[in-house]
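*Asks:* Annotations per TrEMBL:
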ACT_SITE  H209  active site, proton acceptor
BINDING   G33, A34, A35, G36, Q37, I38, G39, D64, N127, V151, A152, N153  NAD(+) binding site
BINDING   R114, R120, N153, R184  substrate binding site
DOMAIN    27-174  domain 'Lactate/malate dehydrogenase N-terminal'
DOMAIN    178-351  domain 'Lactate/malate dehydrogenase C-terminal'
Amino acid sequence: MLPNFLQRLASWCPWLLRLTDEPKQPVKVLVSGAAGQIGYAIVAMIARGLMLGPDQPVVLHMLDIPRSAETLNGVRMELIDAALPLLRGVVATSDEAEAFRGVNFAVLIGGWPRKEGMQRKDLIAKNVPIYQSQASALQQHAAPNCKVLVVANPANTNALVLKEFAPAVPAKNITCLTRLDHNRALGQISEKVGVHVADVRNAIVWGNHSSTQFPDASHATTRTQHGEKPVVELIADENWLKEEFVSVVQQRGEAVIKARKQSSSLSAASAACDHMRDWILGTPKGTWVSMGVYSDGSYGVPEGIFYSFPVTCDKGEWSIVQGLEVDDFARSKMELSANELDEERSMAYEFVSSERDQ
C-alpha cells in the first residue's frame, strides 16, 4: 500500500503507479491459421501489446495445417528476430492439443477459405469438421475461462459449432468478429462528416458477418467543435444513411479484394486486436462496440445463434446494450440477417448429423 502522499502524487501522475506494480505474468495466446496473411499480421501486433496492453507479456501459440509448417516456422523465426520485449516464448505447431494447451486467449483465424464457385453452404460443410475438432481441443486443453474469438468465415456459424461441441466452455467465452465491419462503418462516417475517426462512436453492426449484416448509424455520434452531435443530424441524408452507407460497409470486403487482389488482412488483424482489447480491458465509458455473441433474445433476435449486437465490456465480460430504439427499417434488416443465421444453423446441424451417420 502506498503512503498517502504517494497516493496523491500518483493521482496526478498515474505512470508512477506502474513503478510499484509487480510485473505481470505472461499469458498464452493462440492464433490458428498463423501462417496465413491475417495471422502473419496479427502475431506481431499481439507481441507488441496492441491486443492485451503494453505491459502484458505473452507466449504465442501458433497453429496451422501440416503443409504450412515450413511457413509457420518462418513466422516463428521472424518473431524471434524482431526482439520483442513482451514476447516470452513461441510455440509453432500443427498439433491442436499442443496448440491449445494452457492457452488463456484464442484467436481462431484458421478455416477452409471460400474459393471461386463455392456457395455459403459449401463453406459451412468444409468448416464444420474443422471447428468440431478445435472445440474438442479447446475443451480438453485450454486454460479455464479461456476467451475465444472466431475470425474464420462463416464466423458466426463457426462460433456456433465451436460452442455446441465444447459444452463445458461457457457460451459467453466464445465470440466472433464483426469489429472489422464496425470499424469500416466508423471509417465511412468519419469521411462523410469530415472528422477524425477517433471522434466517431456508437455505430452498430447488427447480425451476420455477411452481406446481410446491417450497419446502423442511427445511434452514432461524433465530436465536433460545437460538442457531441448525432451523425444523422450532421449528415441529414436519408438515402446515404439507409442505402449507400449500408451497401458500402456490406460490400467493403469484396471491394478490397478487387483492389488488392487479396482479402482484407491488415484491417482484419487490427480489428481482431481491437475486439479482444476492449473485451479484456473494457470499453471506454459511454462507448459501445459491435461483437458477435450468443443471442439471449435481446431485440427480438432468436436465441441460439451468434449475432452481432452493440456491447459494452467491463472486467473481461461483455453485456448487450439494452433499450435502443429500433425503427421498422432497422427491424426488417435485422430480421433478414437473423433468418440467414437460422438457415446457416440448420445447414451446420445437417452436416454434423450426416457426419455422425457415416
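Placed from the backbone N, Cα and C atoms, the Cβ positions cover glycine too.
Automatic, uncurated: that is what TrEMBL annotation is.
Quantities reported herein were computed from a predicted structural model and do not represent experimental measurements.
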*Asks:* Consider the binding-site residues Q37, A152, R184 and say which one has the Cα lying nearest the Cα of H209 (active site, proton acceptor).
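*Replies:* Given the candidates Q37, A152, R184, the nearest one is A152.
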*Asks:* Looking only at the domain 'Lactate/malate dehydrogenase C-terminal' (178-351), what is the mean pLDDT?
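*Replies:* Reported value for the domain 'Lactate/malate dehydrogenase C-terminal' (178-351) is a mean pLDDT of 96.
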*Asks:* Determine, using Cα-Cα distances only, which of these binding-site residues is closest to A152 (NAD(+) binding site): R114, R120, R184.
*Replies:* R114
*Asks:* Would you kindly give the Cα-Cα distance separating R120 (substrate binding site) and G39 (NAD(+) binding site), rounded to the nearest Å?
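*Replies:* The Cα atom of G39 (NAD(+) binding site) is 23 Å away from the Cα atom of R120 (substrate binding site).
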*Asks:* What is the number of other Cβ atoms found within 10 Å of the Cβ of A152 (NAD(+) binding site)?
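*Replies:* Looking across every protein chain shown, the total is 25.
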*Asks:* Between the two most separated Cα atoms in R114, R120, N153, R184, the residues recorded as binding substrate, what distance in Å do you get?
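*Replies:* Spelled out: the longest distance between any two Cα atoms in R114, R120, N153, R184 is 23 Å.
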*Asks:* Among G33, A34, A35, G36, Q37, I38, G39, D64, N127, V151, A152, N153, recorded NAD(+) binders, what is the largest CA to CA distance in Å?
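*Replies:* The widest Cα-Cα gap among those binding residues is 19 Å.
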*Asks:* Give me the count of other Cβ atoms within 10 A of the Cβ belonging to R184 (substrate binding site).
*Replies:* 22
*Asks:* How many other Cβ atoms are found within 10 Å of the Cβ atom of R114 (substrate binding site), counting all protein chains shown?
*Replies:* 16
*Asks:* Compile a sequence-ordered list of residues in the same chain as N127 (NAD(+) binding site), six or more apart from it, whose Cβ lies below 8 A from its Cβ; state 'none' when nothing qualifies.
*Replies:* G111, W112, A152, P154, T157, N158, V161
